[in-house]
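The following features are taken from TrEMBL:
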DOMAIN    54-110  domain 'CTLH'
REPEAT    225-266  repeat 'WD'
REPEAT    270-311  repeat 'WD'
REPEAT    324-346  repeat 'WD'
REPEAT    482-514  repeat 'WD'
Amino acid sequence: MARPLTPHGNKDMIGSKGIIRRSEFVRIITKALYSLGYERSGAILEEESGIPLHSPLVDCFRKQVLDGNWDGSLATLNKISISDDVLKLASFMILEHKLCEFLEMDRVLDAVNTLRNEITPLRIKPKRVHELSTCIICPSLHLSLGSINGIKKSSSRLKLLNELQKVLPPALMIPEGRLEHLIEQALNVQREACYFHNSLDSCLTLYTDHHCREDQIPSQTTQVLQGHGDEVWFVQFSNNGKLLASSSRDNSAIIWEVREDGVLSLRHTLTGHQKPVLMISWSPDDCQLLTCGLEEVVRRWDVSSGECVQVYEKNGVGLISCGWFPDGKRFFSGVTDSSICLWDLDGKELECWKGQRMIKTSDLTITGDGKQIISMCRESAILVLDREAKVEKLIEENHTITSFSLSRDDQFLLVNLINQEIHLWDITGFPKLVMSYKGHKRSRFVIRSCFGGYEQSYIASGSEDSQVYIWHRGSGYLIAALPGHTGAVNCVSWNPVNPQMLASASDDHSIRIWGGTMLNLNHKEAYSNGVSHSNGKNVNDNELSL
């Protein structure tokens, strides 16, 4: 029992703003001390502050529960000022535990009386009451319904007390880990307010307010890749961040290897397309790569060898986009006849969607569970189609949509518009616009943006003014406009594993790698005559005409 002493000062409120109640503050610290095992320190704080952790009534209740004094604990509970609903629920929990202990001791008649005369009259949780009655009839079911068999009574009763703590008002019994929860909230607020937090949370400390330096953002060119002979239209890191693929107007794609020191080197040049390569897509396991020519064919490549293993085409129409199904055994493509086709790897067309609202589809993607296909359906609208539920959702914009990308968690869609804005949409329920990003330039070309950085906290985009733009995702604040390219920046990709590595593809025929600090690299350029060169024409026997 705490011995009240004269408090230091007469302030009931503490802190610089005077919004923290002294009694709550002390009780939470006391609770934390006891939880950490510092029993003596907790008792001393109670005594010195004159602020007990629990009232005498609550202390009595806790002791009765731990001692298995069920009748006494119920009597004390009725003396505590709580609502009727909470009283019934807490009583049910105590009586349920009492019944379980009776069953463990083979006191079946006592268990029956508890169920009939104490639990049932509460008139709550009928399903659980039925389960308990079944448990009495068939003792073998007891284990599956929360038996305490094999557990010391003291441990099971402590667990019950912890569960009761979640039901009773927190002012009576402070929730476990409350101090830690408050501190984590404070750190989260500081982290979310920091525009430059782009690293693991291990850098967070309680000793000072959190501020990251600007060099956490990949804002300096660390390498220039020059393997293409014309405009580079698309760039994308592999899922494991160890490879980078690029595609170009020169009808080729290139696979670059990200070495452990962060330097990229040319691994394979992929040739065989007769038209510019519009986009690329990594398989879920990063072992295969799809490339899509401009209104042409889709080619599938073996990443390790750089060889083309299959060519997919359809009579009378061209393919204009591609993406993998999550199982890695199928892929989908947009077609110039405004349809979307799902293929197996052998080239068999499995499904085809062609609604009245479909347009000449370019960008399309599918969620990680394989259930929702997201595609353009009008110039200013995106269709989210649930394949299983046959439910459609529309994202409608006021301006023409040029491209879009899906967040890693499948909850947000980043939409590029012709009016030089990028919109962030929450698509978890009814689509909702949550943020707009402005500053980049777009007048003639398709410019692509991406999510990236630690926990995808940033938005990056290309721009026709030859710069790369980076925004803080949560606030919309423009962090940086990065110069370096000498032509329009068509596409950007953030390394999913290294939050401080960003790639950008430009009309100046180059790909720039951006990092958080300027590195003294021995090899700043990679050329097309690098590791290997393969020609997809050597597998013409695998070409399909559908």
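Backbone N, Cα and C atoms are what each Cβ position is placed from, and that goes for glycine too.
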Fill in the blank from the handout: Taking DSSP H, G, I as helix and E, B as strand, the domain 'CTLH' (54-110) contains 46 helix, 0 strand, 11 coil
Fill in the blank from the handout: Same-chain residues at least 6 beyond the ends of the repeat 'WD' (324-346) with a Cβ under 8 Å from one of its Cβ atoms are 281-285, 288, 290, 292, 295, 298, 300, 310, 312, 314, 316-318, 352-354, 358-364, 366, 368-370, 373, 375
Handout entry: Close approaches to the repeat 'WD' (482-514) from elsewhere in its chain (Cβ under 8 angstroms; 6 or more beyond its ends)
Key = 198-199, 216-237, 239-242, 244, 246, 248, 256, 258, 262, 264, 408, 445-454, 458, 460-470
Fill in the blank from the handout: Counting only residues at least 6 beyond its ends, the same-chain positions whose CB falls under 8 A of a CB in the repeat 'WD' (225-266) are 273-282, 284-286, 289, 291, 293, 301, 303, 306, 448, 487, 490-498, 501, 503-507, 509-513, 515, 519, 521-523, 525-528, 530-531
Handout entry: Number of helical, extended and coil residues in the repeat 'WD' (225-266), per DSSP
Key = 0 helix, 23 strand, 19 coil
Practice task
Please spell out the DSSP helix, strand and coil residue counts for the repeat 'WD' (270-311).
Solution key: 0 helix, 24 strand, 18 coil
Problem - Residue distribution over DSSP helix, strand and coil in the repeat 'WD' (324-346) - result: 0 helix, 12 strand, 11 coil
